[in-house]
Amino acid sequence: MSERQIHSVSMELAGRTLTLEAGRFAEQANGAVVVRYGDTMLLATAVASKEPRADADFFPLTVDYEEKMYAAGKIPGSFFKREGKPTDSAILTARLTDRPLRPLFPEGYRNEVQIIVTTFSIDMVNDPAPLAIIGASAALAISDIPFLGPVGAVQVGYIDGKVQINPEMPDMPNSDLDLVVAGTKDAVLMVEAGAKELPEDLMLEAIIQGHQVCKQICDLQNELVRLAGRPKREFVPPPVDTSLEEAIQQWLGNRLYEAITDPNKMVRDAQTEALKQEVIAHFTADEPEEELEARIAAVSTAFENLLYEEVRRMILERGERVDGRGPKDIRPISIEVGLIPRVHGSGLFTRGQTQVLTLATLGSPAEEQRLDDLGIETTKRYIHHYNFPPFSTGEVRRLGSPRRRDIGHGALAERSLLAVLPSKEEFPYTMRLVSETLSSNGSSSMASVCGSSLALMDAGVPIKAPVAGVAMGLITGKDGRWRVLTDIQGIEDHLGDMDFKVAGTAKGVTGLQLDIKTTGITYEIMREAFAQAREGRLYILDKMNAVISEPRKELSPYAPRIITLQINPEKIGALIGPGGKTVRGITEATGAQIDIEEDGRVYISTPDAAAAQQAVAMVEALTREIKVGDIFLGKVVRIMPFGAFVNLAPGKDGMVHVSELDVGRVENVEDVIKMGDEINVMVIGIEPGTGKVSLSRRALLTGETAEDRRAAGAGRGLRDGGGRSGGSDRGGDRGPRGDDRQRPRRR
């Protein structure tokens with residue numbers, strides 16, 4: 001057996017060392033590379049089937065990102081103590097890795113390719129997401145799989161007014177930008193970003209700076225290819241029967257143009273499909289039975305190619321789109337809010353034949369989503385879920401758990417609203433939004449952004465500004481011509497070269513997603529796309545503002561009311577009680593949900609205003625800082641010969657000495673009060689250290705102050721700190737000691 005050859009290359013990146021290593025792990029994979037950056041370490045593998053998939057009319061690429069809990073020194077929390085289905089975070093990282101790689105495989109390549117990225121070590125400093133892209137690209141680059149890469153990737157932040165490459169994870173909460181850019185040495189391929197209302201020129205500058213570093217990372221991968229690369233498999237693209245296309249084009253004449261130029265998607269699709277079947281019938285009529293299936297496939301492919309060319313020719317040569325719009329035109333928009341009863345907020349956004357209904361639900365802080373993945377355990381108080389049922393495109397499909405696309409679209413819309421949400425101090429609610437795609441003809445994710453903004457305002461959430469989103473497309477020609485399209489629909493997304501989604505306020509960008517279907521786009525195209533996107537976004541915002549321009553002043557009557565209290569953190573234990581008994585008792589008595597933060601913030605949530613006030617009173621009574629001079633209405637809970645104990649708050653009693661019960665001399669405590677009586681008392685002393693409380697009923701009867709009673713009772717031990725046993729039991733006008741206290745007799 002030959003000795004294993006291990007090859008490694010490194011570069012300095014943002015003050016840390018980025019290392020790529022091949023040859024140590026997974027030797028049976030077509031390509032395997034370990035990426036290390038700081039102490040974050042990933043293994044990326046690439047494997048391709050030996051033969052193309054016969055039934056595939058698409059490129060069968062699968063990318064999986066495997067989060068292993070050992071990478072963060074954790075044991076999985078499930079019953080089986082084993083990793084289960086991928087988390088949303090893992091799915092989003094897999095999609096992020098897939099998107100820049102997919103355009104770089106040869107046209108017509110149909111071999112199955114599987115990329116698996118496995119986390120070996122996570123240091124909580126260096127984000128693994130861009131490293132997954134680098135590792136996957138490097139594994140493909142050194143393999144024998146046909147690939148037009150490599151691809152570099154970096155994270156870009158904007159902190160203290162400066163663009164920063166690969167900021168450390170603890171610094172990201174202070175960043176106004178969280179952007180991942182990926183590209184080859186020649187062009188940008190993918191961008192994913194969330195931002196705090198940043199201007200378009202700054203976003204473009206961040207992309208450009210990030211891409212410059214991507215070029216260096218591509219050089220590093222090429223160096224590894226020189227050391228460890230394998231010869232590429234020979235791949236010959238399937239031949240294109242141009243004579244068949246020409247024959248179909250001549251037979252069709254102008255009929256294809258007439259079929260696809262209808263503003264209604266359903267009519268257009270029906271006409272196009274009918275024409276396609278007519279073409280197939282005509283050009284397979286004389287085909288022998290044994291060759292019929294292959295001939296049908298060839299005619300179908302030729303027709304689709306003609307459709308592709310016709311749509312693109314219309315746009316490039318005449319600026320004409322299939323629904324009659326110009327390149328910058330936006331489809332008709334319809335907006336409604338408050339449609340659905342009992343939900344806390346709703347917004348219906350319709351743009352052309354894309355329609356999304358977004359519904360908002362407000363909950364207590366206890367309903368925040370807990371995230372326990374490879375990162376630090378955190379919670380999420382704003383949650384957005386996107387649903388794409390089959391009826392939205394007139395299809396029949398089995399319903400099941402959310403698909404990767406659904407999770408990705410939901411995350412994009414969620415990220416696009418984060419910049420305008422109120423802080424927890426301003427608005428302590430947990431917010432869950434669900435976008436139901438009711439009809440789809442392109443750009444449903446951006447319709448979800450618009451619907452989310454509408455639903456939040458309808459729910460009375462005090463967002464800083466409305467947010468809208470628009471999807472931009474691109475058509476490029478072989479002669480270098482190109483056109484950017486505003487508000488693309490399904491056919492333009494399918495047949496175009498770019499899907500560039502931009503969300504934001506009137507002030508700036510809050511969300512961004514760029515996917516390219518060619519080998520990249522130039523900075524000039526991106527600059528034009530940003531400009532057109534801003535123009536389109538402002539137009540949509542005007543339409544939205546005409547219906548609802550600011551949050552409603554009142555919450556829905558069906559939404560819980562949350563009251564925030566601030567207590568001394570030292571009182572948290574008293575509020576919770578042993579095993580949570582006390583706080584559960586408040587919930588059982590009032591029906592209110594009580595949530596307690598470590599800093600002493602207490603959230604009381606319930607739709608019932610009276611119950612809320614009752615819960616507030618109980619919490620305040622439990623956590624009230626008792627001070628000398630305070631007056632309480634308390635219940636007598638114990639009577640002794642020397643006085644009575646009065647309950648001031650749950651778990652907190654004080655003692656009224658017999659001399660403080662009444663104005664005159666009291667021989668018997670029960671001559672004045674009985675067990676269960678409620679009496680008004682004043683705090684006249686608190687014993688340091690123990691916190692025992694001395695009370696006086698007499699002070700309230702005579703109009704004296706606590707200071708007066710302490711001065712009068714100096715001889716009885718009522719010093720500044722109060723007397724023993726939580727109250728005074730000495731001196732004054734008491735009777736003999738035997739009347740005051742019963743002592744056990746010694747035997």
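Cβ atoms are placed via backbone N, Cα and C, with glycine included.
Annotation for Asp499 (Mg(2+) binding site): spatial neighbours Ala471, Met472, Gly473, Ile488, Asp493, Gln513, Leu514, Asp515, Lys517, criterion Cβ-Cβ under 8 Å with sequence separation of six or more. The Mg(2+) binding site annotation in Swiss-Prot covers Asp493, Asp499, and the record cites sequence analysis as its basis.
Look at Swiss-Prot and you will find 560-619 tagged as domain 'KH'.
For the domain 'S1 motif' (629-698), the model gives a mean pLDDT of 91. Residues annotated as domain 'S1 motif' in Swiss-Prot: 629-698.
Sequence annotations record features per position, and here Swiss-Prot assigns region 'Disordered' to 705-747.
According to Swiss-Prot, the compositional bias 'Basic and acidic residues' annotation covers 706-722 (among others).
Marked as compositional bias 'Basic and acidic residues' by Swiss-Prot: 730-747 (among others).
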C-beta crowding around Asp493 (Mg(2+) binding site), within 10 angstroms: 18
Composition by DSSP (helix, strand, coil) of residues within the domain 'KH' (560-619): 32 helix, 16 strand, 12 coil
Conformational class of Asp499 (Mg(2+) binding site) under the three-state DSSP mapping: strand
